[in-house]
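**Q** The following block contains the structure, expressed as structure tokens.
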Amino acid sequence: MKINSPLEAYKFLPATNCGECGEATCMAFAAHLIDRSHKLTDCKPILEEKFKKKYEELDALLAPEIREVEIGVGDKIAKIGGDDVLYRHKLTFFNQTQFAYDVTDSMDEKDLVERVNYIQDFKKFYVGNFLTVDMIAVRCTSKDPAKFAAAVKKVIETTDLPIILCSFDPAVLKAGLEASKGRNPLLYAANKDNWKEVGELALEYDVPVTLFAPDDLDMLKTLAKTFAAMGTEKLVLDPGTYPTGKQLKKTFTNFIKVRRAGIDGDREIAYPIMAVPFTAWMAHDDPVSASYWETVVASVFTIKYGDIMILHSTEPYAMLPELHIRDTIYTDPRKPVTVDPGMYKVGEPTADSPVLVTTNFALTYYTVESDIASNKIDCFLWAIDTDGIGVEAAVAGGQLTAEKIKKGIEESGFDLKKDTTHNTVVIPGLAARLQGDVEDATGANVMVGPADSGRIPGWMEKNWPPQKK
Amino acid sequence: MTKKMKLSQLSDMLQDLNVESLEGVTIEGDIELNITGGGGLNPALAYAIGSEISQISLHMANIGRILGFPAEQLFASAFGMAEAPQAGQLPTSPKIQELLASKFEVAKVDNWKNPIQEVTLGATSGDGGSRKSTVTIGGENALPYYFDAEMPHRNYVTMDVFDMPIGMAKAVKGNYEDVINDPAEWAKKVVRDFNADMVTIHLISTDPLINDTPAKEAAKVVEDVLQAVDVPIVIGGSGNPEKDPEVLEKAAEVAEGERVLLASASLNLDYERIAKAAMDYGHNVLSWTQLEINAQKELNRKLMKQCNVPRERIVMDPTTAALGYGLDYAYTNMERIRLAGLMGDDELTFPMSSGTTNAWGAREAWMVSSPLNQDSDWGPREYRGPIWEIVTGLALSLAGNDMFMMMHPTSVQVLKEITQTLYGSIESEEIDITNWIGAEV
């Protein structure tokens, strides 16, 4: 993005404050353009003919530094690239790394279908959603265009996931393209030897194409420049993923360099990057070691700028950490993750069960909840609305106060005197200083729990039920 | 293929015309004809060539028609004999015959001017201790493993030892069953068998809610561990804010001169006592805060200004959350701390330590199977656990973490392998990936 203040974007907007975009003012809308939470097309008036020039100018200014490339079609279409920053806290990373798992055209049909189904069905529940993987990479190991076409055909019959066609032989790629017409596959790959033919295929079939120049950034940039001149910017860059030793260190350096140059404004190389952790299997014979090392390499390049990658291991102990490290890096750091404030029952609480208070910061809440639940303690647990801030910071910052605790308990229709036998609230150890205030505000007994919810079981043993006064 | 055919046909034709040589006439590419010559072209020859080229193009056009291309329309439009159909015409993009050379260049970061503080852990006999060797961390001038500046020290791993048997994930426990009641033997085992660079002795039995072991008694365990191994050590309390200052004071006393790392000073306990113990007995302080960069600044400032701890005796622990359980905060918190330090914030230019063992708190690391039946099979936990610890540590190594407190031997081995590979000290056989697609896997 070439501009970084709402004022600069505002200059191009109609300035009518019409509110059609959902924001009260054009200035507010401009701020959302800068943090990329609105698209320019959300502004209907600017799409009118009279604003055409301003629209085009602003659109160009707002374009992300790294080009966005689409692979596949329909619901499962995948977007890669589109980043504007080198560190996630500076904004957020967009378009999470796409994970493609390989099949080959030498597999027998039953194994191929089974593997594709396993890949497309793999899922892991996490914070209200399922984490899933994204693509199938079809490798030509037979060297036979007809065999390759048959494998591609089988894959697209089996899944709607986007596919990557992998061969350095243009004849094989052409056969694959014919077999997957209308599916917008990613071609892998053009290199210094086949670029002319592969480039023509990419143009003819209008599909994205990967440029492969192992450990040669001059060649990589040369290919990218040439393809742009040929007429396509739907490019993905593969600087080569070497699996071990000094070669892997060099690979790491290459990824950093390519992305830094792109973010710094070198348009010739500002494309999404592909990593191929698959190559770990060329360095390890034992499948557990290979899976482990592949996961390690995949993690490095999920964190450092890989936008798409080709993987082999479909062991859960490889896929689960891969999915989670991707979620870690691509979670938008600007949004504090919260749970709905209110009362939660853990286990089967009765009137004798304790009433515990925590914050609605999701991480805090889920930690406390799982610490209690896994120790089979029945209780009422309140998530007090602290704007998603943790206990310690919320006490210091005034988001967790006696009034907030009182309000939180009352609003859920709970009456400490009637609904419990003990009229007692347990506050977090890190909120100990609120004890007196909470007693005054609620009229209840207030006990101070441990600073770490991991210690609740020990604390309960010693302190619950409370001594009658 | 097409090129060959044209050339042979052309020479056949020239033979008929009794032309003996064809100097200055070359045919390049698939349709390009390049005619050069000394003093102009013989009109007869030019006519003959023109005729043949037309023949060739007709022949080619026929092939085109066989392949389904409406060649006659092309001819018609080219010679103005008919209107060319507008629809279906491809945009003419320039045919590119040669790569357009471009040189890759990228600048080094110019605002990383402030080096990270170097901190040495452990003291040899020459320095008043009894360690065989020391460990130095920090000193970076760039993000870890970046090409902008050489990274002066590799990452180090200190392995956990506890002063009493504790609950552990099954995959971890199997490695320590023989030493679980003997911290000294435990310490020996992690150094001898598991390649630990350092040992952390956690005095958790001192917690009033656990065994309430007196500080003096706990200090004996520290002495035993110092006797058992000759690597630098870290001494951890139980995390109880009331008891820890006393426990760490006694431990610091018995370890006098060994330059251990006292874990930890934090804002919710009497950090002054811990800092003073470190100063009195020649140790380092771990400055521990909970995922809050401003709290980290505050504590570091207090240690330096209020407690007079020299810069070369401070290591930070900004808190490690497990993969899937807040690692995004831990990662970004560390990355921000390191970047702020490199760019000149002197309250944050300290090496960092991670309690990577926390990864074992994630249910994915230790549960037999997913508690949710919609989930795909989680596979064997003995492989899931170590990789959870590895990926947690690896992510933080990329955020700038220097030292890792870890638990599982496999995790230690693999984390060392990858961090030292990125650091540049691992040699391995070169692998040719140019044809990776065809690899038999």
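Placement of Cβ uses the backbone N, Cα and C atoms for every residue, glycine included.
TrEMBL lists these features:
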type: DOMAIN; residues: A:1-60; note: domain '4Fe-4S'
type: BINDING; residues: A:Cys18, A:Cys21, A:Cys26, A:Cys43; note: [4Fe-4S] cluster binding site
type: BINDING; residues: A:Thr358, A:Thr364, A:Gly388, A:Ile389, A:Gly390, A:Val391, A:Ser453; note: 5-methoxybenzimidazolylcob(I)amide binding site
**Q** What are the DSSP helix, strand and coil residue counts for the domain '4Fe-4S' (A:1-60)?
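**A** Across the domain '4Fe-4S' (A:1-60), DSSP assigns the residues as follows: 32 helix, 0 strand, 28 coil.
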**Q** Can you give the largest Cα to Cα distance in Å, as a whole number, for the residues A:Thr358, A:Thr364, A:Gly388, A:Ile389, A:Gly390, A:Val391, A:Ser453 that bind 5-methoxybenzimidazolylcob(I)amide in the record?
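**A** Farthest Cα pair among residues binding 5-methoxybenzimidazolylcob(I)amide: 17 Å.
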**Q** Where does the mean pLDDT land for the domain '4Fe-4S' (A:1-60)?
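**A** Its mean pLDDT is 94.
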**Q** Between A:Ile389 (5-methoxybenzimidazolylcob(I)amide binding site) and A:Cys21 ([4Fe-4S] cluster binding site), how many Å separate their Cα atoms?
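**A** Between the alpha carbons of A:Ile389 (5-methoxybenzimidazolylcob(I)amide binding site) and A:Cys21 ([4Fe-4S] cluster binding site) there are 30 Å.
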**Q** Would you identify which of the binding-site residues A:Thr358, A:Thr364, A:Ser453 has the most other C-beta atoms lying within 10 angstroms of its C-beta?
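**A** The residue with the densest Cβ neighbourhood is A:Thr358.
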**Q** For the recorded [4Fe-4S] cluster site, enumerate neighbouring residues of the same chain (Cβ within 8 Å of the Cβ centroid of A:Cys18, A:Cys21, A:Cys26, A:Cys43, site residues themselves excluded), in sequence order.
**A** A:Leu13, A:Pro14, A:Thr16, A:Asn17, A:Gly19, A:Glu20, A:Glu23, A:Phe29, A:Asp42, A:Lys44, A:Pro45, A:Ile46
**Q** Taking DSSP as the reference, which of helix, strand or coil describes A:Gly390 (5-methoxybenzimidazolylcob(I)amide binding site)?
**A** coil
**Q** Give the number of CB atoms, excluding that of A:Cys18 ([4Fe-4S] cluster binding site) itself, located within 10 Å of its CB.
**A** 14
**Q** According to DSSP, folded down to helix, strand and coil, what is A:Thr358 (5-methoxybenzimidazolylcob(I)amide binding site)?
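**A** Strand, per DSSP.
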**Q** Return the member of A:Thr364, A:Gly390, A:Val391 nearest to A:Cys26 ([4Fe-4S] cluster binding site) in space, with distance defined Cα to Cα and candidates limited to these binding-site residues.
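**A** Its closest listed neighbour, by Cα, is A:Gly390.
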**Q** Which of the binding-site residues A:Cys18, A:Cys21, A:Cys43 has its Cα nearest to the Cα of A:Gly388 (5-methoxybenzimidazolylcob(I)amide binding site)?
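**A** Out of the listed candidates, the nearest Cα belongs to A:Cys21.
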**Q** Sort the binding-site residues A:Cys18, A:Cys21, A:Cys43 by C-alpha distance from A:Thr364 (5-methoxybenzimidazolylcob(I)amide binding site) and give me just the closest.
**A** A:Cys21
